[in-house]
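Written below as structure tokens is the structure these notes are about.
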Amino acid sequence: MSNFEKDIFRKKILEYESKSGAAWASIHQEENDHGTVNPKNATDRTIADMSTDEEQDSLGSLGVHLVRSGGTSRKKLLAPKSWDEYFEENLTLSKDDKCVFNVYYIRPKSREAPIFIFHHGTGSSGLSFAVAGSKIVAHMQKNADSATICSRADDRLVGGVVSFDMRGHGRTVVDNPNHDYSLETLTEDFITMVELISKEKQWGTDNHGNTSDSFNPPLILVGHSLGGAIVTNASLKKRLKNVIGVVVLDAVEGPAIEALSSMDRVLSTWPCDFESIPKAIEWHIQSRALRNKESAAVSVPGIIKEIPDTSQYTWVLNPRTTKPYWENWFTGLSGNFLAAPAARLLILAGTDRLDKPLMIGQMQGKYQLVVFAESGHFIQEDEPDKTALTLVDFWTRNGRPTNIVPTFGKFRSE
């Protein structure tokens, strides 16, 4: 197809948009590594597809998905969901009022049950794990109902969940306008938050008020992207008690550092503001930044805020403000993960994300690798049920009480 013919088709699209008040959203959407549509590439693909069927003079026949101007779908917009549909408590914890952590919590059913402690990535929030966290508890409760003790469910199998907003994100408040986003500072925040909630919920205390390290519940640290680097770093410091597992979601040193050079271009495709929370949710779904509508409905409200004196919304955190720290976050991640003093699990959205140290470590059996081939970068949101099942299985393999054995398809206590 000649450049002249391409120009004609471009004009046809623009003419249609001006008459109908519509704007094309995507055709065979081309995504970057972060699941964000690249409009220019999408346009080129549209025109290329036109050339295969030039006799068709209708946009509808070209398979172009149209949305109303402003990015609003013709479908009914998704309503936001509340945190309390997934968590039991929303706590504010502070050590010295310089940093007040916003924490979401589901209590474990017993002191022997594990607690999954989640850390989100840049630009996200603790609500990123809302759906996956609630599904973990649901799956463990189902297992407990099958593993009866004297006709009662075995509560040792029903764990808890902790998910929080790191500094500069969500509803966590830091008394410092110049945020320090270095890996060491973020790691210190994470350790402090765990220590605070441990004290708040008396994890190391028995029913008689006695304290002992032996009373601490088993902890499984789970981090997505940057969060993976943080929980890995925290495990190496060995300050958190009874850490039995470290889980990293879609974060690998080599590919992560290579991708940094394109981050500015990726972020330039993001909108600066939204007309409403439902429209922000819709943008994440249409751009395929998130692929699960339920998770988007609960997580997106945690990453945007209302612009003062307007009805518009914008991002809680502009990721560009963290740019000076990007390379620091992921340097040494693969080696640190392989050295973590606990069972290790790596969940990826594709095997091509492995770097050389992790390939060697996988062949040596140093960690468990699980791949969700159909997922985007936000594994815990795109595939919350698979994530939950994988994490429960990880606990079963590495931390479940040894005196629980399977019998006739169920579990019993010996």
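Including glycine, each Cβ sits where the backbone N, Cα and C put it.
A simple way to gauge crowding: the CB of Ser225 (active site) has 25 other CB atoms within 10 angstroms, across all the protein chains here. The feature active site is assigned by TrEMBL to Ser225 (among others).
The local packing around Asp250 (active site), expressed as other Cβ atoms within 10 Å of its Cβ over all shown chains, amounts to 23. Annotated active site per TrEMBL: Asp250 (among others), in sequence order.
Residues or ranges marked as active site in TrEMBL: His377 (among others). Every protein chain shown contributes to the tally, and the Cβ of His377 (active site) ends up with 22 other Cβ atoms within 10 Å.
Residues or ranges marked as domain 'AB hydrolase-1' in TrEMBL: 117-388.
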